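Student: Swiss-Prot lists these features:
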- SER51, HIS138, PHE159, TYR160, ARG161, GLY162: NAD(+) binding site (BINDING)
Amino acid sequence: MTKVAAEIVRSAIDPQWFRAVLGQYPTGVCAVTAMDPDGKMSGMAVGSFTSVSLNPPLVAFLPDRSSTSWPKIERAGKFCVNVLSDQQLGVCKRFASKDEDKFSGLVYRLSDNGSPIIEGVVAWIDCDLHSVQEAGDHYIVIGSVRELQVESEDSALLFYRGGYGGFAAI
């Protein structure tokens with residue numbers, strides 16, 4: 001496809017339609033947390049977390065380039081992906097907000113790598129920042145996994161068709 005043809009295709013896709021179609025695919029919801037070199041904690045909610053590689057163990061998430069939380073996490077050079085349970089919608093909303101103190105009143109502990117692990121999560125994956133790639137209006141952030149743990153058998157929080165819920169096996 002030529003560059004001109006690719007541009008025509010790209011501009012012909014309505015962003016709302018694109019979002020509506022991709023909303024048919026359920027995603028897990030995570031809180032990515034970090035502590036910067038000055039000891040200030042930051043975090044953000046993401047619905048774009050995925051595994052990348054088993055060997056070496058790599059994971060990824062895709063923050064919006066306009067995010068105010070991502071630069072703080074990037075500055076830390078390490079982060080923890082907290083897989084939220086279906087009982088943690090409030091935590092999700094807190095980490096999706098512009099609130100500067102997302103950890104106020106929240107129970108957490110620090111990983112061996114120094115990133116916050118939120119109490120009540122289904123699992124957590126602690127990472128060093130491996131690489132960052134620009135991709136349209138987002139970044140692709142790759143983390144090198146240092147440690148990971150399942151914390152509970154609760155259902156993970158899912159986002160599907162614009163709403164939140166849990167998982168029930170059929």
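Glycine residues also receive a Cβ, built from the backbone N, Cα and C atoms like all the rest.
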Student: Please report the number of other Cβ atoms within 10 Å of the Cβ of GLY162 (NAD(+) binding site).
Tutor: 8
Student: Taking the Cβ of HIS138 (NAD(+) binding site) as the centre, count every other Cβ atom within 10 Å, in any protein chain shown.
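Tutor: I count 17 other Cβ atoms within 10 Å of it.
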Student: Select one residue from PHE159, TYR160: among these binding-site residues, choose the one with the most other Cβ atoms within 10 Å of its Cβ.
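Tutor: Most Cβ neighbours within 10 Å: PHE159.
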Student: Can you name the residues of this chain that are 6 or more positions from ARG161 (NAD(+) binding site) yet have a C-beta less than 8 Å from its C-beta?
Tutor: GLY23, GLN24
Student: In sequence order, which residues at least six apart in the same chain have a CB under 8 Å from the CB of SER51 (NAD(+) binding site)?
Tutor: LEU58, VAL59, ALA60
Student: What three-state secondary structure does DSSP assign to SER51 (NAD(+) binding site)?
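Tutor: Its secondary structure by DSSP: strand.
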